[in-house]
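What follows is a single structure, written as C-alpha cells, with notes after it.
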Amino acid sequence: MHFCSFLSDGDRVCRSPQEPDFYSPVSPDPQEPVSTYFEEKVPIPDDDGTKLFSFRKLWAFTGPGFLMSIAYLDPGNIESDLQSGAIAGFKLLWVLLVSTIIGLLLQRLAARLGVVTGMHLAEVCHRHYPMVPRIILWLMVELAIIGSDMQEVIGCAIALNLLSVGRIPLWAGVLITIIDTFVFLFLDKYGLRKLEAFFGFLITIMALSFGYEYVRVAPDQAAVLKGMFVPYCSGCGPAQLEQAVGIVGAVIMPHNIYLHSALVKSRDINRANKKEVKEANKYYFIESSIALFISFLINVFVVAVFAEAFYGKTNMEVGQKCNETGSPHSKLFPANNETLEVDIYKGGVVLGCFFGPAALYIWAIGILAAGQSSTMTGTYSGQFVMEGFLNLRWSRFARVLLTRSIAIFPTLLVAVFEDVQHLTGMNDFLNVLQSMQLPFALIPILTFTSLTSLMNDFANGLVWKISGGLLILVVCAINMYFVVVDVTALNSTILYVFSALLSIAYLSFIIYLVWHCLIALGVSCLDCRGSVQYPPSVLVDEQPEFDS
C-alpha cells in the first residue's frame with residue numbers, strides 16, 4: 001500500500017506508508033523540494049491534552065491573522081470608509097459589518113486549506129488546473145496585487161505630503177516608497193515573530209490615530225449602533241448603492257485569500273495528526289476573528305468620524321471654514337452648494353479645518369501606517385502567488401523590486417503630470433479593479449476546500465458548499481453591476497466594443513472556473529466526457545487514518 005498523488009501533467013507519484021505526511025506537495029524537481037517563504041517554523045507548546053483552550057497556544061498561533069487583517073486596513077479601505085460616511089452617514093455601517101463577517105468566513109477556508117494540505121492556494125491551483133487557465137488565473141491575481149500596491153503607494157505619498165505641509169511633492173513621496181523594499185528585507189532578517197510584532201505595532205498606530213479622531217469628533221453612539229445593526233438605508237439613491245457595493249470590493253480582497261493560506265504554514269504542525277490539525281484550525285479561526293474585529297473597529301472609527309462631521313456638508317461650507325482657520329488648502333473646495341466629495345487627501349484637510357492641525361497630522365500618521373503595513377503584506381502576496389503559480393525561485397530582493405516597480409511606475413506618471421485629485425481618484429478605479437478579480441480567489445478556494453480527496457475529513461460540508469456558492473453568485477452580480485455602471489458611462493463606440501469583448505472573455509473564464517467548482521461540489525453530470533479529474537492526495541486503496 002502506498003500514498004500516491006498526481007502532478008498537473010498527469011504523472012503519478014507514490015510514497016511508502018512510512019512517510020506520515022501524506023498531504024505534502026510534490027516538487028516538480030526531486031532535487032529541489034518545495035519550500036515555504038519563511039525560513040523558520042514557530043513551535044507550538046505542548047499540553048496534557050485536557051484543556052479545551054490554552055492562551056499559550058493561542059499566542060503561538062497569533063500572527064498570520066493579524067498580517068492578513070492589514071489588507072482590511074489599507075488606504076483603499078480607508079478611502080472607501082470616509083466616502084461611505086460622507087455620502088451615506090451611518091447608514092452603510094451594516095454593509096461594512098456583513099462584509100467583514102463574509103471576509104472572516106472566506107479567510108477560514110483559506111487557513112484550513114493551508115493547514116490541512118500543507119500547500120497554499122497558488123500551489124494547489126498549480127497542481128490542479130491545466131496550464132492555460134493556470135496562467136490566466138495567475139495574471140488576474142497579479143493584477144489585483146498590483147492594484148492594491150498602487151493604492152498603498154498613493155496612500156504613503158499623500159501621507160508624506162500632508163505631514164510635510166506640501167514640502168514633499170507627490171512624485172517624491174512615490175519615490176520614497178521604494179525604501180519600503182529595503183525596510184521589508186531588513187526586518188525579514190530578524191525573524192518571523194519580530195516581523196509579526198512590527199506589523200502589530202503598525203496596527204496599534206492606526207488604532208490610536210483613527211481612535212483619536214473618533215474621540216475628537218465624538219459621533220452619536222446611538223446612530224453608530226443603529227447603522228451597524230439595522231440593515232436598512234432610508235433615502236438612499238444610486239450614489240449610496242454604488243458606495244455600498246464599493247465597500248464589499250474594498251473589504252474582501254482577492255490576493256488576501258492566497259496570502260492567508262500561505263501564512264498559516266509558518267507554524268510547526270504535524271499534519272499527520274488529526275488532533276493537531278483540528279486544533280490549529282480552531283486557534284487560527286479564533287485569532288482571525290480577533291484580528292478582523294480590531295480591523296472592523298478601526299474602519300468604524302473612520303466611517304463614524306466622517307458621517308458625524310461631514311455628512312450633508314457642501315463645498316461652500318467646508319471652504320468657508322477652511323478660510324476662517326487660515327488653511328492653505330481652501331482652494332480644494334469650489335464655491336458651490338454641491339455635496340462635499342472627499343478622499344484620503346481631502347479627508348485630512350477637512351479634519352484640520354474643523355478640528356485643528358493635530359487632527360490633520362494624526363490622520364496622516366494613520367494613513368502612513370496603513371500604507372507601510374499593507375505594502376509589506378502585499379509583497380508577501382506577490383511572493384506566494386509567483387512561487388505557487390509559476391514555481392519560480394527568484395531571490396527575495398529581485399521579486400520585491402519587480403512588484404514595487406510595476407506598482408510605482410504608473411503611479412509616478414500620474415503624480416508627475418497630474419494633481420492630487422487625479423492621484424486619489426485612482427483609488428476608486430483600483431477598488432473596482434480588485435472587486436473584478438474576486439471570483440478568481442473565491443471560486444478556487446471553494447473548489448479545493450470542497451474536495452474530499454484533498455481535504456479528507458476537513459472538506460466543506462453541505463452548508464458550506466451551498467453558502468459558498470451563493471456568495472460567489474452575489475459577488476459576480478456585484479461585479480456585473482460595476483461593469484454596467486462603468487460601460488454606460490463611456491461615450492465612445494470603440495470603448496463600448498472593447499469593453500464588450502473584455503466582458504465576454506471575463507465571464508467565459510468565470511464560467512470555466514464555476515464548471516470546475518460545481519464538479520468538485522459533486523455535480524458530476526456536468527463532466528460528461530470525464531475530462532476533469534482532481535488528483536487525490538490520500539491513500540489510493542482506502543481512506544487514511546490519522547495518528548491519534
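Placement of Cβ uses the backbone N, Cα and C atoms for every residue, glycine included.
These numbers come from a predicted model, not from an experiment.
Pulled from TrEMBL, these are the features on record:
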| type | residues | note |
| --- | --- | --- |
| TRANSMEM | 85-106 | transmembrane segment |
| TRANSMEM | 136-162 | transmembrane segment |
| TRANSMEM | 168-186 | transmembrane segment |
| TRANSMEM | 198-215 | transmembrane segment |
| TRANSMEM | 244-263 | transmembrane segment |
| TRANSMEM | 284-307 | transmembrane segment |
| TRANSMEM | 349-370 | transmembrane segment |
| TRANSMEM | 397-417 | transmembrane segment |
| TRANSMEM | 437-455 | transmembrane segment |
| TRANSMEM | 462-482 | transmembrane segment |
| TRANSMEM | 494-515 | transmembrane segment |
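Panel annotation: around the transmembrane segment (462-482), residues 102, 105-106, 109, 245, 248-249, 252, 432, 435-436, 438-439, 442-443, 446, 449-450, 510, 514, 517, 521-522 of the same chain, lying at least six beyond its termini, place a Cβ under 8 Å from a Cβ of the stretch.
Sequence-distant contacts of the transmembrane segment (85-106) (same chain, six or more residues past either end, CB-CB distance under 8 Å): 72, 219-220, 223-224, 226-234, 236, 239-240, 243-244, 247-248, 251-252, 256-257, 288-289, 292, 295-296, 299-300, 302-308, 310-313, 339-342, 442, 445, 467, 471.
Relative to the transmembrane segment (244-263), the listed stretch 437-455 leads the set 198-215, 284-307, 437-455 in CB pairs under 8 A.
Sequence-distant neighbours of the transmembrane segment (437-455) (same chain, 6+ residues past either end, Cβ-Cβ under 8 Å): 106, 109-110, 112-113, 116-117, 121, 124-125, 128, 137, 140-141, 143-144, 147, 249, 252, 254-258, 261, 464-465, 468-469, 471-472, 475-476, 479, 510, 513-514, 516-517, 520-521, 534-538.
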